[in-house]
Amino acid sequence: REYLDNITAIGPRTVGSPENEVLAVNYLLEQIRRIARESTDAHKISVDIQRPTGSFSIDFLGGFTSYYANITNVIVKLEPRSGAEHAVLSNCHFDSVPNTPGASDDAVSCAVMLEILNTLSKSSESLQHAVIFLFNGAEENILQASHGFITQHEWAKSIRAFINLEAAGVGGKELVFQTGPENPWLVQAYVVAAKHPFASVVAQEIFQSGIIPADTDFRIYRDFGNVPGIDLAFIENGYIYHTKYDTSDRILTDSIQRAGDNILAVLKYLATSEKLAKSFEYRHGNVVFFDILGLFVLAYPARIGTIMNYITAAIAFIYLSKKVLQSKTRAIHNLKKLFTAFGLTLTSWVCTLVAVLIVAVFVSVIGRALSWYTHFYVSVSLYGSAAAAKLILVHMLAKKFFYKNMNEQYLGDIFFDASLMIWSIALAVMTQMGLCSAFICTLWVAFPLLTKLMIHKEFHQKGATMKFIVMYMLGMFVPYLYMLYLSWTVFEMFTPVMGRSGSEIPPDMVLAGFIVVFTMILSSYFVNFIYLVKSTKTTLVTLTTVFVVTLILVCSGIFFPYSSDAANPKPKRVFLQHTSRRFHDLDGNVVKSDAGIWINGFDYNGISHITPHVPEINDTIRTPCEEQAPFCGLPWILPVHFMFRLVKNWYLPAPEILPRSPIQFKVLSKELMPLNSVRLSFEVSGPSHMSLYVRPHEGSALSSWSLGDGTPVASIGGDYFVFYSHGLQAAPWHFWVELTTPEKHSDGIVSLAIAAHYFFGEDQKSPQLYALLERFPNWTFSSGWSCTYDLFVF
């Protein structure tokens, strides 16, 4: 805890700032040297400070290229006295995003690593392999420091596996949400060693699908180091992740202790494992893994999972075939009835999804999106009740008009079989697709089928008796309990993400979609009760009443989306950049210049809630797009333009800013190259964060450059984006771009813009920006900085 308090007391630790490059580094070195002095003779401790310079391209956020110079890594190697050939890496990052103390992301992980280093170094037991602790100083700059380490440091060659400690929330339990690639022995190591396991292959498949706009150093070690690993992250309370509220007092000591116990045990296990030295021999095969209510983890090879899945699906299909064929004369009739029930169940799902999404669209259109952001129960009583009511209504109508006067037991039986058939098909399809998450379908086929076989006599008795209901519920207990546990984890992760996923995607539609899916899953084996019981009118009326009342309350605006509650804040995120822009023509003359405060709301609601507090921020000052400039002529810090609508950001006119250390941009040379190519060489010096935007003109193409691996990577929309950062000091940045151009262009061959971002120090906030930030309501987290933008044509 002391380590955590001391790191966060330094304040925001932005790359390039004295806080990150000097104060945090000095504190870490001080603690590491003290630990080294107190260590036992069984170990040797080596410390190195690395300041790498490099460049790489990454397909994150639509694709861009990264360049870093003189950033900082603090690296410690703990090994046996006699040395070690192989090593396991533990990675955290001590930098934070601007304007936040970064306690959970990721100071707490660095504090845990210091304590683990301290514990291991005092042990009289010698380790078999080395443990390398990387305290990396530039993760928030989109994974730059880990790239500098794994591609350039001499110790990187000895690493056979890694554990990456991250955060997507503040405190709580740390979830294993990525492993591998392949290397099933690593999951087994976690299963055997972790004292308080919390792991899900479902989280892994969701994260790796790219739905969540985030990435971790795991990707760098996997893609550039070819090293397998385990990715852990705190996921609780993501509402205050990357905000000023991410303070050390919000992370419970129990949470730190839990993470420490787990990571120490796993590191110790790996550092004494025979498999680490020969990891390449054990690298094949994926693993299905999931924890049971946080008590223990079940893990088994995916190939065994595939066999189990197919056998389960086959047994279900055999059972269904026998049911259909039990009476030869009625086989066709039975098959028709089964497929009718199957079709009706799917129809009810489609109708439910459409109806609930219409409600979500309506709520979004009338400006009441995110009403559930602070009060999650609102989403359940609005979309959950609507979904359940619609499902019941469809089946009620089917029972009344389509299945008039039919035997209730027969209908209950046939709809149970229809649900079993849907789950069996889903199981076979997901297994065929190679998804490890198919184990969920296995639960939903195996347990209901066993239940049915055990109580099939009761199934055919008139009415749903109490004995039948109790036995049925007991049989379904395992899949229902697991599904509720899983849905809690999914909503815990996803609900806060909706407050920072941009203004393009309506969050109500996403959350309503999730709720409908979980309603369909949880109701799949209860639909048959609609046919077994006399009437579901009371249930339907109750659900409809809950829905209508909630909808009226939501429309009235009684549920304010955001909260400034000191104990549990759920702020609206707003980014403000005081920008001075200059647009140059082919001769270098400034043809247009302006200055303003560019305002981006990070969620779908835009700025409507803020206008009453700051009247000049309204829809009359929407940001215009400069069509001729890359990325609309706006100083994006990252290429996230596709997540934001221009109608949902604003440009408030403001005085020009004159930074004390302005950017210096020089053209060093223009060379004609073979094959109709032109090479332009540049020199840039400026603050620690700069963005370069490139747009080749029509008829020209960017063929190569001195960045990344030499092949330019375009962002979404076709422009090129380069993210630049440097540490405390750095030499001027030199780079060249090469364009192929078939003929002379009177309007030039390329537009190139550079933005300088001032994230700390005396240039960070202008008096106008300060004054505006002061007026923002206390339920916002407003992050502000100054920047300049220059566009050139060559």
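In case you wondered, yes, glycine gets a Cβ from its N, Cα and C as well.
In TrEMBL, annotation is done automatically, which means it is predicted and not curated.
Across the domain 'Peptidase M28' (73-266), mean pLDDT in this model comes to 93. Sequence annotations record features per position, and here TrEMBL assigns domain 'Peptidase M28' to 73-266.
The transmembrane segment annotation in TrEMBL covers 292-320 (among others).
The domain 'Endoplasmic reticulum metallopeptidase 1/1-A TM' feature in TrEMBL is assigned to 335-555.
Packing against the transmembrane segment (341-370) from elsewhere in the chain are residues 382-383, 386-387, 390-391, 394-395, 398, 402, 414-415, 417-419, 421-422, 498-499, 506-509, 511-513, 515-516, 519-520, 524, 527, 551, 554-555, 557, 561, 603-605, 608: each is 6 or more residues past its ends and has a CB under 8 Å from a CB in it. Residues or ranges marked as transmembrane segment by TrEMBL: 341-370 (among others).
Summarising the annotation, TrEMBL assigns transmembrane segment to 376-398 (among others).
Positions annotated as transmembrane segment by TrEMBL: 468-491 (among others).
The annotation transmembrane segment is assigned in TrEMBL to 511-533 (among others).
Residues or ranges marked as transmembrane segment in TrEMBL: 540-562 (among others).
Feature annotation from TrEMBL assigns domain 'Endoplasmic reticulum metallopeptidase 1-like C-terminal' to 569-792.
Distant neighbours of the transmembrane segment (468-491): 175, 200, 202-203, 206, 235, 292-293, 376, 440, 443-444, 447-448, 450-452, 454-455, 458-459, 461, 514, 518, 521-522, 525; these residues of the same chain sit at least 6 beyond its ends, with a Cβ under 8 Å from one of its Cβ atoms. Remote same-chain partners of the transmembrane segment (292-320), defined as residues 6 or more beyond its termini with a Cβ less than 8 Å from a stretch Cβ, comprise 173, 184, 187-188, 190-191, 194, 196-199, 285-286, 338, 417, 420-421, 423-424, 427-428, 430-431, 434, 436, 438-439, 441-442, 445-446, 449, 453, 481-482, 485.
Remote same-chain partners of the transmembrane segment (511-533), defined as residues 6 or more beyond its termini with a Cβ less than 8 Å from a stretch Cβ, comprise 345, 348-349, 352-353, 356-357, 359-360, 372, 379-380, 383-384, 387-388, 391-392, 395-396, 399, 403, 408-409, 411-413, 415-416, 419, 422-423, 444, 448, 463-464, 476, 480, 483-484, 487, 490-491, 494-495, 498.
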